[in-house]
Amino acid sequence: MDVLAEEFGSLTPEQLTAPIPTVEEKWRLLPAFLKVKGLVKQHIDSFNYFINVEIKKIMKANEKVTSDADPMWYLKYLNIYVGLPDVEESFNVTRPVSPHECRLRDMTYSAPITVDIEYTRGSQRIIRNALPIGRMPIMLRSSNCVLTGKTPAEFAKLNECPLDPGGYFIVKGVEKVILIQEQLSKNRIIVEADRKGAVGASVTSSTHEKKSRTNMAVKQGRFYLRHNTLSEDIPIVIIFKAMGVESDQEIVQMIGTEEHVMAAFGPSLEECQKAQIFTQMQALKYIGNKVRRQRMWGGGPKKTKIEEARELLASTILTHVPVKEFNFRAKCIYTAVMVRRVILAQGDNKVDDRDYYGNKRLELAGQLLSLLFEDLFKKFNSEMKKIADQVIPKQRAAQFDVVKHMRQDQITNGMVNAISTGNWSLKRFKMDRQGVTQVLSRLSYISALGMMTRISSQFEKTRKVSGPRSLQPSQWGMLCPSDTPEGEACGLVKNLALMTHITTDMEDGPIIKLAGNLGVEDVNLLCGEELSYPNVFLVFLNGNILGVIRDHKKLVSTFRLMRRAGYINEFVSISTNLTDRCVYISSDGGRLCRPYIIVKKQKPAVTNKHMEELAQGYRNFEDFLHESLVEYLDVNEENDCNIALYEHTINKDTTHLEIEPFTLLGVCAGLIPYPHHNQSPRNTYQCAMGKQAMGTIGYNQRNRIDTLMYLLAYPQKPMVKTKTIELIDFEKLPAGQNATVAVMSYSGYDIEDALVLNKASLDRGFGRCLVYKNAKCTLKRYTNQTFDKVMGPMLDAATRKPIWRHEILDADGICSPGEKVENKQVLVNKSMPTVTQIPLEGSNVPQQPQYKDVPITYKGATDSYIEKVMISSNAEDAFLIKMLLRQTRRPEIGDKFSSRHGQKGVCGLIVPQEDMPFCDSGICPDIIMNPHGFPSRMTVGKLIELLAGKAGVLDGRFHYGTAFGGSKVKDVCEDLVRHGYNYLGKDYVTSGITGEPLEAYIYFGPVYYQKLKHMVLDKMHARARGPRAVLTRQPTEGRSRDGGLRLGEMERDCLIGYGASMLLLERLMISSDAFEVDVCGQCGLLGYSGWCHYCKSSCHVSSLRIPYACKLLFQELQSMNIIPRLKLAKYNE
């Protein structure tokens, strides 16, 4: 007791016995959060914002089209809206369409974009409503989608899976995802050093009208402004003078009056002096001479150089800082701040980190589509203007009606092409990106879900730079630390963590007003001197200077109180930067943020009472935000906060509490049980393999006709689950089976991670899978009124039965469901006309069109069964026939399996059950795994999973293996002992071969195993004779073309090294492309059938065997006027 008293001496007994306040059920906030935000909601929210808000802004910015030909004519957009997805049945008859129908019929799931316009026709003014101008592909589960707000029963009627995440598009029947794109944030000053170590600052400005980049460079201690519209760098002082700050003293005051700042800025002032520039006019003239001449189209009054320079400064340099009526005050201060930052960075080498995640913005589908739509809409309008300019001046009967000239396909095709190819090349925004969209991978439910949270950074994969690839501390909680691919894309492709939310743009008007009320002073009212006082902080809003504040701490705390009370949007963040003396307020889109519980007076604001109300359904997540119990923090604001991971680590400085620590992992890493007991790269491997595991795709998987679909015949829930598994509904659509594993060495076939499988388990369906492939064909109509036909099967003349190739065809020429189909058998006996174009005048064409056979045949080494045949029509009104082919495969030697800990292995041996070892309760293992896989891999999580699984089976309950928590090993082992098993999880095992007990106890229990998509049947390839290439007469290459295996240059060198010359001859010529060739001994050229065309004789012609490729090379060289001659000599001389 005395020792205790010394330790807790200062505390009273009452304080000692008071319980630490813990919120037991606080993880219940997660499902509530995931209902409203997170995972796929990012894409959906962003798309909704685009089609409900952003598209109207784009229309407002380009609302009027006028023509130079007729000043009276105009076209004005009054409103624009996106409708509901539909499909045109016949001319002008539409009906609503479901996503599943678009998938089956290879159509685009899109909705009409309609506008209300007002325009002139002749002298009258006309208003037209609901005029379609194109079609917009619709994201599934967005506000305009058919599936929004439906019950599970209605989902079933629409053939959709209620667990399907949505957030993707269906374009031409293919599911496409727009990946999240990572960008450096716009409108922020970034100070960095170049390769030589010179410090400079750069700003990428971006507004709705213009995008440009401005650089501040230092050369020989002088400061210059660099911009691509200027032909050379311009001294910074001249820029200040051109903006109207003519006195040197005021310039220095703006930049800073400290000694070292003034010393650093001195040379720049002298340079301006040398250039003899003192007034604003002189400065503007100097800049005007340095402007790059743009080719001006069309007339228009020529601007003087001074006007041109002033325009340039106002609108192009630092575009995002607004200039009203040439009042350059704000822009001057911004430029001064840039100079000051560079000077300070030179002094103490504090350059910004480009990889810091607060400097990054993520672009979502909505932002990318809005850029694309803006580009297409402007093109559409300029096309209209062009037509108006052409048509109005012409004399004709009817008046010019612009509606007749609106081409709908322009916007439609632009959207569809961009999404289906993934190429966003918009000249207008200097944007050229490939691979923005990807096909949604439907290998398993997890691969589809994991694709929704993927972030792609626009960085060349080829450069081996470690900076952008490494794990940044600022990514904590925002990005998953484990889920990134291995290889060249490592660290460039990232995934969001479980609770991350990406913000969308917000109106900044209210924030500006509020800041003014909280004591932010306008910059225009201050002299330069006041800006560099030590207690004056600059206030930035989204990169623009808002004003200055004397008491920044009060501003920040009041601002946060207002946000918690719900007066400001919950996603606005405010943070201070003490080194640069700034307060940053951000309300722009693309910032990463996540929710935290607020801590007041060392107690979390959320209590157990709140959690009970949540469980009973009185509260939802929004209520927690409004009552200031939970708030969102972004990366920059996290730096000002002190966040505790658990309740018992809260101290007096703590401001927030983490909701659940396991949410800093993403979707794929969340499936791993006990990941905190594994070596880090193992979790990364599992993240990649979990996406390749076969299982279930969705409740509608039997109705889908995909190009390739792998399904497990009997998937099971994992015995050891995690909180994440429940949150993302993995146990409703699992991918894997609980296998009983014995960790022991058995035979020599389990070396290097190979597994030994039990034949009896395979017979009972362990690891059995279905492989579905599809074959499809379209029957088109051609321009000359001919069309494709399907012919009936061809009958054998003698037996009056169909020939073998047509055995499985029905009378209509299409294969019948349920039939077994072998290689080279015909699935659809289609024939097409020989002439499909309209014939030329005067050419004789047979009256009756002639047909040639183009059958759709089955290609595959193993037989398949026809599951079903679908006949429909696609968007072009061509007939569409889709067949689904099925194979059932049982595991065989060489198939790949993996546990959930990155322990992959192939099946090395299949043993009959009577030879397998068994434990004393008579259980035989399904899998025997070699124990050498554990020590070097350090996957302790797998050992614990086996224990927890075993205890769970005996107890009849599921154990949790959640990251940083989960069931304790001690408790699990005590459960085992209670049921009469060994505390260590080891069993007494009898050998199946000798019937004697094994000399060691064997670690024995259930582990969740995944069957991966890599199967031997799809990879095995060998050939003796087979097809050859036409040009070189060598065997073709590749498994699909039944090609040969190439003996390359290195293999050739090896054989030369061994001196095996006959083997070389046999491999490189005789077995490849031997060719008899005639050579003339006199001139050394190739002859033909015993005659030399050059010597005009057959006296000296001999016959040789050389590779055909060699003969081809000689002839190709001859065609280039290089003549290789073959010298012949007698063999025996």
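Placed from the backbone N, Cα and C atoms, the Cβ positions cover glycine too.
Keep in mind that this is a model prediction, so the values were computed, not measured.
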Per Swiss-Prot, member of K186, K241, K868 binding RNA alongside R213, Q438, Q692, K896, K904, K1019: K186
Annotated range (Swiss-Prot: zinc finger) out of 24-39, 440-455, 1064-1079, 1080-1095: 1080-1095
Secondary structure tally of the zinc finger (1080-1095) (DSSP, helix then strand then coil): 0 helix, 5 strand, 11 coil
Spatial neighbours of C1092 (Zn(2+) binding site) that are distant in sequence (at least 6 apart) but have CB under 8 A: D1078, C1080, Q1082, C1083, L1085, S1098, H1100, V1101
S1040 (DNA template strand binding site) versus binding-site residues R195, D432, Q438 - nearest by Cα: Q438
Sequence-distant neighbours of K904 (RNA binding site) in its chain (C-beta under 8 A, six or more apart): Y685, M689, D753, K896, F897, S898, L1012
Sparsest Cβ surroundings (other CB atoms within 10 Å) among the binding-site residues Q438, S1040: S1040
Non-site residues, in chain order, whose CB comes within 8 A of the mean position of the CB atoms of C1080, C1083, C1092, C1095 at Zn(2+): G1081, Q1082, G1084, L1085, G1087, H1093, Y1094, S1097, H1100, V1101
Spatial neighbour of K186 (RNA binding site) that is closest, considering only the binding-site residues R195, D432, C1095 and their CA atoms: D432
Which of R195, R213, all binding-site residues, has a Cβ with the fewest other Cβ atoms inside 10 Å: R195
Tertiary neighbours of Q692 (RNA binding site) (same chain, Cβ under 8 Å, six or more apart): L443, S444, S447, L1012, K1013, H1014
For the zinc finger (1080-1095), mean pLDDT (0 to 100): 87
